[in-house]
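Data block below; observations after.
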Amino acid sequence: MLLFALGFLLVILQPSTGQFPRVCANVESLLSKECCPPWDGDGSPCGELSSRGSCQNILLSQAPLGPQFPFSGVDDREDWPSVFYNRTCRCEGNFMGFSCGECKFGFSGLNCTERQVKTRRNIFQLTASEKNKFLAYLNLAKNTPSQDYVIATGTYTQMNNGSNPMFRDINVYDLFVWMHYYASRDTLLGGSNVWRDIDFAHEAPGFLPWHRVFLLMWERQIQRITGDENFTIPYWDWRDAEDCEVCNDEYMGGRHPTNPNILSPASIFSSWQVICTRSEEYNSQQALCSATGEGPIRRNPGNNDKSRTPRLPSSADVEFCLSLTQYESGPMDKMANYSFRNTLEGFADPQTAISNPAQSGLHNALHIYMNGSMSQVQGSANDPIFVLHHAFVDSIFERWLRRHRPMLEVYPAANAPIGHNRENYMVPFIPLYRNGEFFKPSRELGYDYEYLQEPALQSFQDFLTPYLQQARQIWAWLVGAAVFGGIVTAMLTGLIRACRKKKGGTSSEIQPLLIESEDYNNISYQSNF
């Protein structure tokens with residue numbers, strides 16, 4: 001009870017990060033299309049009096065989109081968040097948040113000037129106390145109302161263009177489940193019509209940056225509702241696993257003794273209610289998920305369709321994926337070949353990098369293998385294994401960034417599926433984040449992974465890898481240049497010696513200078529070199 005009370009108090013006192021800020025979910029804000037709340041520190045919008053930020057027009061990307069979404073003006077998520085707001089806080093320096101009241105990821109302190117890097121650890125390396133604390137934190141988030149954010153229960157049109165706000169409260173954990181749903185839901189076209197080939201968080205370049213932001217926000221929320229500023233999300237390293245190693249009551253919940261499709265009553269997660277899992281029902285009603293409970297978490301790991309996902313991913317699958325040099329390719333969707341993103345996401349074969357949506361590799365394989373709530377995209381975050389899984393996926397993304405050291409320009413600036421261009425804002429986050437802002441090493445965002453920190457030798461090898469790969473491509477030129485250089489050096493050395501010998505025979509007065517020990521040693525060193 002003490003931990004719950006402390007968490008509740010902290011939520012009230014500190015802002016969170018999520019979807020619609022409660023202070024902007026009203027008629028005035030929606031009709032004016034402005035979300036620039038005052039910062040509590042000085043009472044001015046965006047903390048302007050303290051030079052933290054100011055209320056500014058949103059600058060939307062004008063880069064062309066891919067052909068996957070052939071509509072315009074039919075989905076509230078287009079040009080996010082302009083349907084709801086076209087003015088928000090633009091924060092200065094290291095300040096962040098919907099009112100510029102927070103520090104950017106990786107910074108702390110009164111003025112957000114202190115850099116910090118926290119370490120995410122393997123869940124099996126946690127002590128019993130640390131593991132139990134993590135499970136308790138998850139349960140606390142499921143039972144703590146979000147004080148700063150609400151969710152939309154209707155579209156902007158259903159809200160009568162802002163004059164009839166439709167929002168409701170939600171707990172901290174389900175806020176993130178809802179955000180994952182909202183980013184991946186189908187477009188409602190009216191009647192019973194929907195457009196399914198749309199996803200602002202998957203099947204395109206933004207998949208990895210989007211989930212990176214999602215985890216950072218989720219991590220910060222847990223830190224705040226618990227008061228544990230050192231908390232980091234643990235990861236599950238599923239490479240070469242023979243079964244679901246975390247699917248037991250000691251960790252994320254075992255099987256129910258009489259119903260293998262739900263969790264053991266001994267697990268704290270057995271009482272959790274899922275939300276946003278009935279996409280066909282929402283589509284038929286042309287409605288949004290309202291976050292009402294829809295039954296227990298479902299999970300039956302390993303009893304999935306083996307023709308689609310025959311096994312869990314291997315170390316070899318991961319290593320092959322990491323060897324791919326292109327972040328994105330071709331149509332930049334689930335049909336992309338030789339794309340690191342598409343291979344890691346699981347739509348391309350992890351042994352050939354050729355697109356094959358009928359099979360599920362790497363990231364997708366884990367979701368399908370769980371055979372339950374995790375296996376349906378829109379509601380997958382209901383299962384708390386989701387955060388463990390995506391933390392490890394993010395670590396693979398991090399390994400690729402460190403190995404290949406791509407410039408920001410490697411991330412597509414144009415022609416990606418809707419919402420996935422470099423300068424597009426990620427749906428449905430407020431404050432606003434662009435895809436390209438998170439295409440950078442995790443240390444710059446304030447975190448690292450335990451298994452990526454050691455051996456300096458491994459880091460040195462990762463540093464050298466891209467240069468060695470470039471050298472292989474021009475090795476013939478390098479060898480030729482070396483041979484040519486050797487021939488030129490030999491010829492010049494011969495000429496110099498001949499000249500000196502000739503001079504030595506014409507003047508006895510300068511002869512002693514040729515055998516001065518210091519000069520002689522220098523000449524010998526240069527010749528040998």
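Note that Cβ sites are derived from N, Cα and C of the backbone, with glycine treated the same way.
The annotation signal peptide is assigned in TrEMBL to 1-18. Positions annotated as domain 'Tyrosinase copper-binding' by TrEMBL: 202-219, 383-394. Positions annotated as region 'Disordered' by TrEMBL: 287-313. Summarising the annotation, TrEMBL assigns transmembrane segment to 474-496.
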If one takes Cβ-Cβ under 8 Å and requires six or more residues beyond its ends, the residues near the domain 'Tyrosinase copper-binding' (383-394) are 120, 123, 138, 208, 211-212, 214-215, 218, 233-238, 244, 246-247, 252, 269, 297, 299, 344, 362-363, 366-367, 370, 372-374, 442
Taking DSSP helix as H, G and I and strand as E and B, the region 'Disordered' (287-313) has 0 helix, 2 strand, 25 coil
Counted with DSSP (H/G/I as helix, E/B as strand, rest coil), the domain 'Tyrosinase copper-binding' (383-394) has 10 helix, 0 strand, 2 coil
